[in-house]
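Record features (Swiss-Prot):
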type	residues	note
DOMAIN	14-111	domain 'Yippee'
BINDING	CYS18, CYS21, CYS74, CYS77	Zn(2+) binding site
Amino acid sequence: MVKTFQAYLPSTNRTYSCVHCRAHLASHDELISKSFQGSQGPAYLFNSVVNVACGQTEERVLLTGLHAVADIYCECCKTPLGWKYEHAYESSQKYKEGKFIIELAHMIKENGWD
């Protein structure tokens, strides 16, 4: 049986996919930073993602201070991937609002990474 995804990214773009089900998650063009830390190790910050569902928003104290975040999950296999920044309380962290953290442990590179 073939799984279908909500959104497919163009095959001409370098993409990041769910390591468990290979659903597309983000285009390399949407990558903002590789210098983030998730709860399970290194993580990337993306401007936008696809095939991702958000949980409830909650306040958490992260390495850079208090934030309101929502956990994100792969829509296809329900694997926890990281979180979405809903609100940053520190003015220096406002750039993260509306952005997404995906942990490296949960994604793979596909399409054109030769």
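In case you wondered, yes, glycine gets a Cβ from its N, Cα and C as well.
Residue density at CYS21 (Zn(2+) binding site): 15 other Cβ atoms are found within 10 A of its Cβ, drawing on all protein chains shown.
Shown for the domain 'Yippee' (14-111): DSSP residue counts in helix, strand and coil, namely 12 helix, 60 strand, 26 coil.
Within 8 Å of the Cβ centroid of the Zn(2+) site, not counting the listed residues CYS18, CYS21, CYS74, CYS77, the chain contributes VAL19, HIS20, ARG22, ALA23, ASN51, GLU75, CYS76, LYS78, THR79.
Under a cutoff of 8 A between CB atoms, and with a sequence separation of 6+ in the same chain, the neighbours of CYS77 (Zn(2+) binding site) are CYS18, HIS20, CYS21, ALA23.
Taking the Cβ of CYS18 (Zn(2+) binding site) as centre and 10 Å as the limit, one finds 23 other Cβ atoms among all the protein chains shown.
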